[in-house]
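S.K.: First, the structure itself, so that you have it in front of you.
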Number of protein chains: 2
Amino acid sequence: MTLIRSWIESANAPDTDFPLNNLPYGVFSLPNENKRMGVAIGDKIIDLPKLVENGHLSHANLIPNGHDNPFLQESWNDFMALGPGFWRFFREALTKSLSEGSDPSHIEEALVPMAEAKLLMPFRVSEFTDFYASRHHATNVGTMFRGAENALPPNWLHIPIGYNGRASSVVVDGTDVIRPQGQLKGPNQDVPSFLPSRRFDFELEMGAIVGVPSDGPISLDDAMANIFGYVILNDWSARDIQAWEYQPLGPFQAKATATTISPWIVTAAALEPFRVDTPEREFDLLDHLKDTGPMLYDIDLEVAIAPEGKDETVITRTNYREMYYSSAQQLTHHTSSGCPMRVGDLLGSGTISGPSKESRGALLELSWGGKEPLTLDTGETRSFIEDGDTITMRGAAKGDGYRIGFGKCAGKVLPARS
Amino acid sequence: MTLIRSWIESANAPDTDFPLNNLPYGVFSLPNENKRMGVAIGDKIIDLPKLVENGHLSHANLIPNGHDNPFLQESWNDFMALGPGFWRFFREALTKSLSEGSDPSHIEEALVPMAEAKLLMPFRVSEFTDFYASRHHATNVGTMFRGAENALPPNWLHIPIGYNGRASSVVVDGTDVIRPQGQLKGPNQDVPSFLPSRRFDFELEMGAIVGVPSDGPISLDDAMANIFGYVILNDWSARDIQAWEYQPLGPFQAKATATTISPWIVTAAALEPFRVDTPEREFDLLDHLKDTGPMLYDIDLEVAIAPEGKDETVITRTNYREMYYSSAQQLTHHTSSGCPMRVGDLLGSGTISGPSKESRGALLELSWGGKEPLTLDTGETRSFIEDGDTITMRGAAKGDGYRIGFGKCAGKVLPARS
């Protein structure tokens, strides 16, 4: 795939996250204005309510009868609910209007400089599920907690292991995160204490957004078709709260403080040219989970940490293709019991760790449980996140002379409540 | 507390679930009509949109400025969002209008026979959390799975253990439940198979409904005040799916098929006279969880099972006061990490088992993992639920000559999808 050239020059720059091939969907506000839906293109945002106001995006062919205008909402949920046919129709129409050679006039009036916009939550999260699907991550964590022989739980190579998270705690890039308090108990303490977490961590993940509801088990191909798009996701994790609480029913408050997502929904359509195969299977997957084609994406990812007032250091670089299970396999498994899925359900991929030390997706792994602190470019060391640190995740699929970027997924950690 | 007599005679009967002291909130439909909000009283439902239509429930004193009429919605969420002051105001006004001696005319016109109504989901579940807070249940299950010495996990006496469930799967009384399929692996099998669950079970619980949103940690007294009301809850559970999937991140598809709730929200206000103490603590709870007064309720509960086309047998009788943790303690713990709570969040108490064999809240315990099948009054035996079985839960707090009932929480299990 090559760059689709646009009459918006900044969209043709090889280093923009938002060429015409991308067209990700977001929600933004300008100073003193209401939330608005927008599409990123180069260094601009297309202000969709403005297009509507100017008489566009409301043609009978575009908006199905009996629906509110999906471009005048505060999230992309209503748009998603119109279904994959409508998603394709809109993307094709927009691609045509923005292509080099098209008449720019009606869109030009609705362009807003991205630098002036505040980016907001792009969709309402119905429910949030988090998975555990990188073999390297599961092996690393398992080795630390249970020893190398028992690193991978016996079900891991058969089930895309997941647990339900907390949708109310999902926030967008740029939101500060207050260090959680919780019950902590050291190995030499008889009873726990209620204290600020000392082992607060990030987890580098991708989030898949369900755009089509379902009411019973769905096939892998349907699951692939039902995923509207992807964001980068930081599943903030309090390792010490988790260690004490997680037996026998799994992580709960350790994961409930916040989950940060990048502000632009990069559609599955934009990522289509970057599909890659899942890895070879050690055991055949059960029929309903068996790969039907390339189901992962080749997306480079990185995480940087910046102590308060200082430059950032990139501390890991990995790729979404490292996963053992695709988000479609996770979604199929999620529905296998008959669990209904709704528009706006968010599925976290699980921490994305590669095979090397430098490609691990969490400080827990990077510092090997705190035993091997990282040295940052500033000379400071880190085992876990300290107050004032900003964690920034970035990612992009890289084509020939262009990139499908996600924007950034950043959050600063503030001291615990006193 | 004694019965508050009403001019509606059926509300004064000692065996009605719905005396004037109760006034639970629901949503119903009549044949060929839209969903409507209603209040149960004796064998009638007060049709609230009808009251509005007749010029009531819209007085400036009643509906705050700038709000849609909360009685014309399809759920009680908007009503709840108006806050505890409004809850009290409405309950007091209604109690007055329905009391013996009040003028019946304007309400009489809006009464509907409950027998003609179909009862629907009374509120939109924002998110669903399920706890594990009966010591008898946790000890029974722990003994079966880990032996008597390790029955209670070390954190259990300090943390109200919980996990996030799936809101999309919550259904109302009377909804059929299709037996789930899932990955099952017997101890002598090398790899799992995808099959219908063979150990499908109920769990008898109470559900607490959060009516006030919060954005950070809240105190126990605030938690108590933020709970709007209660329902009976059946957390359907596939024990064999759970056994294979639940390590290390907890139950997932085993609990995602369905959770059934009773159709009437019994308010915390109606239950107030039935508050009872939590049990003595083996360890002092941490300060933020320390009981500030009687926080449980004296509510008798029972479960009956009816094979297809046959009479039911009551197989357990227990009481909500058997819990170790109150729903307020669960809610405070839930927010301790900063987790935001929203109107319509539903907290399952966890299976309510009493100390005796006859008071256990799940077939897993009643049949001791299938080793001691129950004999029903029909002569049949049950270790777990069979296709065609209907499970019915009922409950009531019992006052002097009256009862605060919940209606029923029933579901029939249909064969797995083929």
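Heads up, the Cβ atoms here are built off N, Cα and C, so glycines get one too.
Okay, so TrEMBL annotates it like this:
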type     : residues                                         : note
ACT_SITE : A:HIS137                                         : active site, proton acceptor
BINDING  : A:ASP130, A:GLU203, A:GLU205, A:ASP235           : Ca(2+) binding site
BINDING  : A:TYR132, A:ARG146, A:GLN242, A:TYR246, A:THR351 : substrate binding site
BINDING  : A:ASP235, A:LYS255, A:THR259                     : Mg(2+) binding site
DOMAIN   : A:21-122                                         : domain 'Fumarylacetoacetase N-terminal'
DOMAIN   : A:128-413                                        : domain 'Fumarylacetoacetase-like C-terminal'
S.K.: For A:GLU203 (Ca(2+) binding site), which of the listed binding-site residues (A:TYR132, A:ARG146, A:GLN242, A:TYR246, A:THR351) have their CA atom within 10 A of its CA?
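M.R.: Within 10 Å Cα-Cα: A:THR351.
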S.K.: Can you tell me whether DSSP puts A:THR351 (substrate binding site) in helix, strand or coil?
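M.R.: The residue in question, A:THR351 (substrate binding site), is coil (DSSP, three-state).
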S.K.: Pick out which of the binding-site residues A:ASP130, A:GLU203, A:ASP235 has the most other Cβ atoms within 10 Å of its own Cβ.
M.R.: A:ASP130
S.K.: Under 8 Å Cβ to Cβ from A:TYR132 (substrate binding site), same chain, six or more residues apart: give me those in sequence order, or none if nothing qualifies.
M.R.: A:ALA138, A:TRP156, A:ILE161, A:GLY162, A:TYR163, A:GLY350, A:THR351
S.K.: Within a 10 Å radius of its Cβ, which of these binding-site residues (A:GLN242, A:THR259, A:THR351) has the fewest neighbouring Cβ atoms?
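M.R.: Counting other Cβ atoms within 10 Å of each of the binding-site residues A:GLN242, A:THR259, A:THR351 gives the minimum at A:GLN242.
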S.K.: Need the DSSP three-state call for A:ARG146 (substrate binding site) to compare against my parser.
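M.R.: Its secondary structure by DSSP: helix.
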S.K.: Which entry in the list of binding-site residues, A:ARG146, A:LYS255, has its Cβ near the fewest other Cβ atoms, using 10 Å as the limit?
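M.R.: Per-residue Cβ counts within 10 Å for the binding-site residues A:ARG146, A:LYS255 bottom out at A:ARG146.
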S.K.: Restricting to the domain 'Fumarylacetoacetase-like C-terminal' (A:128-413), report the mean pLDDT as a whole number.
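M.R.: Summarising the domain 'Fumarylacetoacetase-like C-terminal' (A:128-413) by its mean pLDDT gives 97.
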S.K.: Inside 10 Å of the Cβ of A:HIS137 (active site, proton acceptor), count up the other Cβ atoms and send me the figure.
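M.R.: Here the count is 27.
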S.K.: Give the number of CB atoms, excluding that of A:TYR246 (substrate binding site) itself, located within 10 Å of its CB.
M.R.: 23
S.K.: In the same chain, which residues outside the set A:ASP235, A:LYS255, A:THR259 have their CB within 8 A of the centroid of the CB atoms that define the Mg(2+) site?
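M.R.: Other same-chain residues with Cβ inside the cutoff are A:PHE128, A:ASP130, A:GLY165, A:ARG166, A:SER169, A:GLU203, A:LEU233, A:ASN234, A:TRP236, A:SER237, A:ALA256, A:ALA258, A:GLY348.
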S.K.: If you compare CA-to-CA distances from A:ASP130 (Ca(2+) binding site) to each of the recorded positions A:HIS137, A:ARG146, A:GLN242, A:TYR246, A:THR259, which comes out shortest?
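M.R.: Smallest Cα separation from A:ASP130 (Ca(2+) binding site) among A:HIS137, A:ARG146, A:GLN242, A:TYR246, A:THR259: A:THR259.
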S.K.: Name the binding-site residues, out of A:TYR132, A:ASP235, A:TYR246, A:THR259, that lie close to chain B, meaning a Cβ-Cβ distance under 8 Å, keeping sequence order and answering 'none' if none do.
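M.R.: The answer, in sequence order, is A:TYR132, A:TYR246.
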S.K.: For the recorded Ca(2+) site formed by A:ASP130, A:GLU203, A:GLU205, A:ASP235, which further same-chain residues have Cβ atoms within 8 Å of the site's Cβ center?
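M.R.: Here the non-site neighbours turn out to be A:LEU204, A:LEU233, A:ASN234, A:SER237, A:LYS255, A:THR259, A:GLY348, A:SER349, A:GLY350, A:THR351.
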S.K.: Have a look around A:GLU205 (Ca(2+) binding site) and count the other CB atoms within 10 A of its CB, chains all included.
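M.R.: Taking every protein chain into account, the count is 31.
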